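What Swiss-Prot records for this protein:
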{"type": "REGION", "residues": "1-53", "note": "region 'Disordered'"}
{"type": "CARBOHYD", "residues": "8", "note": "N-linked glycosylation site"}
{"type": "COMPBIAS", "residues": "31-53", "note": "compositional bias 'Low complexity'"}
{"type": "TRANSMEM", "residues": "77-97", "note": "transmembrane segment"}
{"type": "TRANSMEM", "residues": "115-135", "note": "transmembrane segment"}
{"type": "TRANSMEM", "residues": "153-175", "note": "transmembrane segment"}
{"type": "TRANSMEM", "residues": "185-205", "note": "transmembrane segment"}
{"type": "TRANSMEM", "residues": "288-308", "note": "transmembrane segment"}
{"type": "TRANSMEM", "residues": "322-342", "note": "transmembrane segment"}
{"type": "TRANSMEM", "residues": "421-441", "note": "transmembrane segment"}
{"type": "TRANSMEM", "residues": "447-467", "note": "transmembrane segment"}
């Protein structure tokens with residue numbers, strides 16, 4: 001009923017989607033069918049500002065129609081690790097050609113060598129250690145597959161046990177034998193240069209336990225002689241941290257349960273919790289990509305050069321170029337495996353549920369209705385809210401993100417477009433391939449020609465898989481774009 005407006009008239013409103021503490025779950029598999037009317041309140045118009053906040057009673061939260069992408073074939077973990085190990089061995093082989101090449105085509109009257117490489121200068125113990133380090137992921141995947149539990153036949157269980165025993169015994173014996181020889185041959189500085197990247201491996205990948213919160217390093221650094229007994233317990237806690245970190249590392253790499261799932265729910269708190277978990281999972285995968293790629297490039301390009309004699313000449317520029325090529329190529333291959341098309345689609349769904357807020361100038365919206373932001377509400381598009389003495393405008397269809405949280409803004413920015421990650425990887429891999437083709441055409445040295453031609457094959461395969469995923473996802477989202485636009489028009 002039309003009452004008289006007055007300065008003391010109070011404007012009441014209800015939550016846009018749900019009352020505080022309530023939660024809902026969609027039952028439609030790939031759609032969130034929650035068309036809910038929002039807050040009823042009066043809005044004051046502006047004159048000349050260009051900003052408006054329509055009455056929430058006239059707005060609705062548009063239901064999200066998630067695109068169902070086709071199931072793309074996923075490469076088995078052990079096959080992927082074999083492919084990656086093979087590519088790294090090729091890069092190591094071509095680098096040894098660069099270092100120990102000879103002029104074997106000279107006539108016998110003045111030959112420095114009768115072979116294409118100076119094999120007598122190669123330290124095969126160092127080569128064995130490098131190969132084991134590069135193949136650590138492949139060895140771990142074999143042991144993981146051979147350690148599977150379940151109801152298997154007696155013959156299969158014996159075969160799995162023998163496989164695991166053979167792989168671990170051969171790897172351990174070869175590694176110990178080579179390390180003993182290296183300790184007897186080289187100085188402590190050389191051995192430190194060989195092993196120090198592993199000193200940063202576990203702390204960099206540490207995820208489940210925050211060492212700064214538990215103060216393990218602080219306690220161990222400040223431990224006095226009277227604290228030997230308590231220091232033993234703290235060291236046990238530290239080794240427990242390393243063990244749990246390694247367990248998370250192997251589960252993330254080789255376990256079939258490593259891929260998270262999307263809970264298509266309507267509870268703002270559950271959506272934010274899901275986003276926090278996905279952020280942690282994505283950061284873990286990026287850490288794994290960064291550490292593995294840099295470790296591979298380090299042992300392929302730098303370790304063989306460090307142990308070369310001072311009187312031996314090699315092309316330093318090509319070694320640095322090979323380091324960049326190996327690090328970028330390994331990063332793209334790992335990201336293509338750890339961030340498949342289904343994972344990109346999962347992040348996109350979570351970003352669509354999270355929404356985003358755009359900070360606006362309070363002077364431009366002083367005469368526009370501004371609602372106090374509450375964490376248990378799902379805000380529709382175009383609403384202005386107040387949070388932390390700032391004014392924000394809702395951008396997404398669903399908006400449950402914290403307006404002042406920069407991590408929520410970054411998550412929505414990167415993953416609101418499901419093709420952004422694949423586009424970046426395609427551009428990066430395409431640039432590497434173009435550069436390698438240009439270097440191959442302009443190369444005048446036989447060892448560089450062989451090196452570029454061999455490395456190109458691994459990049460071709462990675463580019464093909466990325467292009468396939470990009471085309472499939474692009475087609476799937478283009479088909480679902482028109483029904484979503486019709487649905488937006490119907491509810492607007």
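A Cβ is built for glycine as well, from the same backbone N, Cα and C atoms used for every other residue.
What you are looking at is a predicted structure, and each value in this text was computed from that prediction instead of being measured.
By the Cβ criterion (distance under 8 Å, sequence gap of 6 or more), the transmembrane segment (153-175) is not counted as touching the transmembrane segment (288-308), fewer than 3 such pairs being found.
For the transmembrane segment (447-467), the list of distant contacts is 83, 87, 90-91, 93-95, 97-98, 101, 318, 322, 325, 329, 332-333, 336, 422, 425-426, 429-430, 432-433, 436-437, 439-440: same-chain residues at least six beyond its ends, Cβ to Cβ under 8 Å. Residues 116-117, 122, 127, 130-131, 134-135, 137-138, 140-142, 144-145, 253-254, 296, 299-301, 304, 319, 322, 325-326, 329-330, 333-334, 337, 447, 450-451, 454-455, 458, 461 of the same chain lie 6+ residues outside the transmembrane segment (77-97) yet bring a C-beta within less than 8 angstroms of a C-beta in it. If one looks beyond the transmembrane segment (421-441) by at least 6 residues along the same chain, the residues whose Cβ comes under 8 Å of a Cβ in the stretch are 325, 328-329, 332, 335-336, 339, 341, 344, 347, 414-415, 448-449, 452-453, 455-456, 459-460, 462-463, 466-467, 469-470, 473.
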